[in-house]
Amino acid sequence: MKSYRFVFLSIISAVLLVLSHPSPGMWAFAWFAFVPLFIALDGKKFLDAWLLGFLSGVVFFYGAISWLNSIAVMATVGLVLYLALYFSFFAAFTAAILKKNLPVFLKCAIIASWWVALEFIRSNFLTGFGWALLGYSQSPFLPAIQIADITGAYGVSFIVMFTNVVIYEFFASRGQVHPDNNFTREPVPTMLFNNRLINFLACIFLIAVVFIYGFYKLNFQFSTPNSQLKISLIQGNIPQSLKWDDTYRKDIIKTYFDFTMEAAKDKPDLIVWPETSFPVDLELEPAIAKRLFNLAKAVNTHILVGTNRYKSGNIYNSAFLISPDGAIMSYYDKLHLVPFGEYMPKIPGFLYKV
């Protein structure tokens, strides 16, 4: 198979992954999106696999976070290139595993575990970037995500990646992948556990357990609610390019005030505004803050407001809880900041200056 076909396959995987995430949220694509990439990786050396993974990662992450261009183009490019490295190392390791004649179940588990390990590192290193995890693609598919109450989103990512490898191995075992490949696999150990049928049945059993648990949880009544908490969510849909422009500040404030008054007609217990929605520091601009406090009194409910807070020369992404009597009850400063977006990591050399 010519090299350009491998490039095409890696791009196809990335496109399928983009489509599986919101939006458009075609979640079913995620269950086989990696199969084209696996076809491209099978038999590849480390560097070739690394480059194919990097290409796939660039296409996927640019598609997943391209909306950040409206904030900062260079920061978005830097973030995409950084995130694509995780695809690179996933691809290089996966290519090595695909070459080996391991039991199918073990091979699927190793590759899925490696993917989850990289997602965990990505979500925590340099404060982490937890967007676009594979498990998030399944949010519309309720039976698949019920396992998250035990494993978190990483468990959902594991089973989706596990299924991708199962599908690939099924076709590979039937000789329908790379008919023109001439690389040599290692000898197959003659052990019962290496029987492909047994391994495929074990894989199907694991996937079935996840779905059985999901349907069980969806149909199980844990308790009878004896009270309800009514919450209203406000979304002004303010473009990022306008949010911190003083020219539009008055209009932004009016938008959220009007929406809040409208939501108050349903008598909610809590009204929630988006992250960094209020373009005012409540502690530095008391006149505007007083208008917000009076709004809380007028609607007679709690309001959770996202805004920035300035202290000792530092800027904090904060959430303030305003009580019905117009006072700040508490606030929380975001700790898990997005690298390149909410802060710039201390990268040595010229890259930091860029």
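Just so it is clear, glycine is given a Cβ too, placed from its N, Cα and C backbone atoms.
Whatever TrEMBL says is automated annotation, not expert-curated.
Feature annotations, reproduced from TrEMBL:
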DOMAIN    234-354  domain 'CN hydrolase'
TRANSMEM  6-34  transmembrane segment
TRANSMEM  46-65  transmembrane segment
TRANSMEM  71-97  transmembrane segment
TRANSMEM  141-167  transmembrane segment
TRANSMEM  197-216  transmembrane segment
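Here the transmembrane segment (6-34) does not touch the transmembrane segment (71-97). Their Cβ atoms form fewer than 3 pairs under 8 Å, with each pair 6 or more residues apart.
A contact between the transmembrane segment (71-97) and the transmembrane segment (141-167) is absent, since fewer than 3 of their C-beta pairs, 6 or more residues apart, lie under 8 Å. Here the transmembrane segment (141-167) touches the transmembrane segment (197-216). Their Cβ atoms form 3 or more pairs under 8 Å, with each pair 6 or more residues apart. Here the domain 'CN hydrolase' (234-354) has a mean pLDDT of 85 out of 100. Nonlocal intrachain contacts for the transmembrane segment (46-65), taken as residues 6+ away from its ends with a CB within less than 8 angstroms of a stretch CB, comprise 6-7, 10-11, 13-15, 17-18, 21, 37, 40, 76, 79-81, 83-92, 94-96, 131-132.
Mapped onto DSSP classes, the domain 'CN hydrolase' (234-354) shows 43 helix, 31 strand, 47 coil.
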